[in-house]
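To keep things clear, I will list the structure first and then write my remarks on it.
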Amino acid sequence: MSNSIEDDSFSKPVGRWSVYCYGVGHMLNDITSACWFTYLLLFLTEIGLSSRDAAIVMLSGQIADGLATICFGELIDRFGHFKIWHGAGSILVAVSFSSVFGGCLPCKVFSSFTSMVETVSYSTFAAVFNIGWAATQVSHMSMVSCITLNSTSRVVLASCRNAFTMVANLSLYGIAFIIFEVIKAKTPTDIENQYRWIAYLSIFIGCCFVVIFHLGTNEPSSKTGIHGNIVARISWTYWFLKILYYQVALVYTLTRLALNVSQAYLAFYVIDDLRMVQSSAKALVPAIIYISSFTVSLLLQEIAWNEKRLKAYYTAGGILWIFCGIAIVLLPQSMSLFVYAISIFIGIANALVTVTAVSMQNILIGQDLNGCAFVCGSLSFLDKMSCGLTLFVLQSYHSSSPMVAGNIASGHISITRYGLGLVPAFCSLVGIAVTWTMELRYPLYKPLVETLLE
């Protein structure tokens, strides 16, 4: 009798308040990540670092993040305590992030402003920041599968998290727009002040939501099975023998690669290729993307999910990205205003592929809760390493790439158009093909008792 009650409580839909409290738990990571991918390369090149040195800083952070996700995934599977790892990672993020955009502290201490010292300094702070980021990400992502077995609720939790990711991004771009308007950058010191204030305000907003998450979310248990019995930690080889693991890993990695690389080159594209004003490049165009993505994420929470719908919605998002990628490559400077319309469709595509890719990850985990952190960590490792290496390669050629300036007929395509257009389009095409080879067999329970939208 007690077992059946526990099974029902674990498989029943998650309440609205619990969904919201979980969804805001990644806000600090999301707002700092948006700043990292949107502004890091731009910031470093604006203060005088070469494109290659800026790429080294980005790569060092991505490598540290990727390695840390594997370690934290193993530790969380062994010892549990999701909220402790989440809290510790959040503290490390809050303490270290301002140093990433706060200027070269060792340069001031040692009175040496050489490119090598600057690169080493920024790379060190980037690595520390990403280690804390990884602890928060892995613990938060793996909690979904341990909160409930209800597959629809798992998609809703992922969708709510994605919606608040959009809130975090919009908050960042709102802050950035105000800062760029108030503080005019005439010297490298002014540029450092701009990004320092963006970092401080982002950390403050993110920490407020971290507090809400910890107060409103109960610590789930990965050590107890659905019948209340203690189960052993699942070996890595268990996942490596599953074909679905490789399929989900590939789709998830391609999805994150498309989102992160496009985000990193969006500002460069609008400034260098379309020659639009700085405020549009640094804040307005990214904000449009995340407004549309936020809206779609909210609507996705109202859907009762099954295998066909997951595949169909991922395919729809991927096709949208393919068309957007082609439009980005071909868009001339004289028609630059069309980038606003393209941004709307990019936001829709991002929401569709992100929510469904994360949901596929949760279906892979299923009821194997004592391996959920390893799955999240290993997939994140692939995501971080592939993104870091891709950005390093693209950025290494960025300074020598021809400036398009709207003349597509010349036959030259800038690196920014490759990064923002062709890379996401290719990733989406391969992701769609892999998605339709999956067998996403997982029992769907009842949908949410009450909808998340009035």
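Glycine too: its Cβ is placed from the backbone N, Cα and C atoms.
What you are looking at is a predicted structure, and each value in this text was computed from that prediction instead of being measured.
Residues or ranges marked as transmembrane segment by TrEMBL: 20-42 (among others).
The transmembrane segment annotation in TrEMBL covers 54-76 (among others). Listed by sequence, the residues of this chain that lie at least six past the ends of the transmembrane segment (54-76) yet keep a Cβ under 8 A from its Cβ atoms are 36, 40-41, 44-45, 82, 85, 89, 119, 122-124, 126-131, 133-135, 137-139, 142, 222, 264, 373-378, 380-385, 387-389, 391-392, 394-396, 398.
The annotation transmembrane segment is assigned in TrEMBL to 88-111 (among others).
Marked as transmembrane segment by TrEMBL: 131-151 (among others).
If one looks beyond the transmembrane segment (163-183) by at least 6 residues along the same chain, the residues whose Cβ comes under 8 Å of a Cβ in the stretch are 23-24, 26-27, 30-31, 34-35, 38-39, 190, 193-194, 197-198, 201-202, 205-206, 209, 278-279, 282-284, 286-287, 290-291, 293-294, 297-298, 301, 351, 354. The annotation transmembrane segment is assigned in TrEMBL to 163-183 (among others).
Residues annotated as transmembrane segment in TrEMBL: 195-215 (among others).
Residues or ranges marked as transmembrane segment by TrEMBL: 243-271 (among others).
Taken from TrEMBL, the feature transmembrane segment applies to 283-300 (among others). If one looks beyond the transmembrane segment (283-300) by at least 6 residues along the same chain, the residues whose Cβ comes under 8 Å of a Cβ in the stretch are 34, 38, 155, 159-160, 162-163, 165-167, 169-170, 173-174, 176-177, 180, 263, 266-267, 270, 276, 313, 339-340, 343-348, 350-352, 355, 452-453.
Annotated transmembrane segment per TrEMBL: 312-331 (among others), in sequence order.
The transmembrane segment feature in TrEMBL is assigned to 337-360 (among others).
Long-range neighbours of the transmembrane segment (372-395) within the same chain, counting only residues 6 or more positions beyond its ends whose Cβ lies under 8 Å from a Cβ of the stretch, are 41, 51-52, 54-56, 58-59, 61-63, 65-67, 69-77, 130, 134, 137-139, 141-142, 145-146, 222, 234, 236, 239, 245, 248-249, 252-253, 256-257, 260-261, 264-265, 361, 364-365, 415, 418-419, 423. Look at TrEMBL and you will find 372-395 (among others) tagged as transmembrane segment.
Beyond the ends of the transmembrane segment (415-436), by six or more residues, the same chain brings 247, 250-251, 254-255, 257-259, 261-262, 264-266, 268-269, 272-273, 311, 314-315, 317-319, 321-322, 324-329, 349, 353, 357, 360, 390-391, 394-395, 397-398, 401, 404 to within a C-beta distance below 8 angstroms of the stretch. Residues or ranges marked as transmembrane segment in TrEMBL: 415-436 (among others).
Beyond the ends of the transmembrane segment (243-271), by six or more residues, the same chain brings 34, 37-42, 58, 278, 280-282, 285-286, 289, 314, 321, 328, 336, 339, 346, 350, 353-354, 357-358, 360-361, 363-364, 375, 378-379, 382-383, 386-387, 390-391, 394, 398, 415-417, 419-420, 423-424, 427-428, 430-431, 434-435, 437-440 to within a C-beta distance below 8 angstroms of the stretch. Simply put, out of 20-42, 88-111, 337-360, 20-42 has the most Cβ pairs sitting under 8 Å from the transmembrane segment (195-215).
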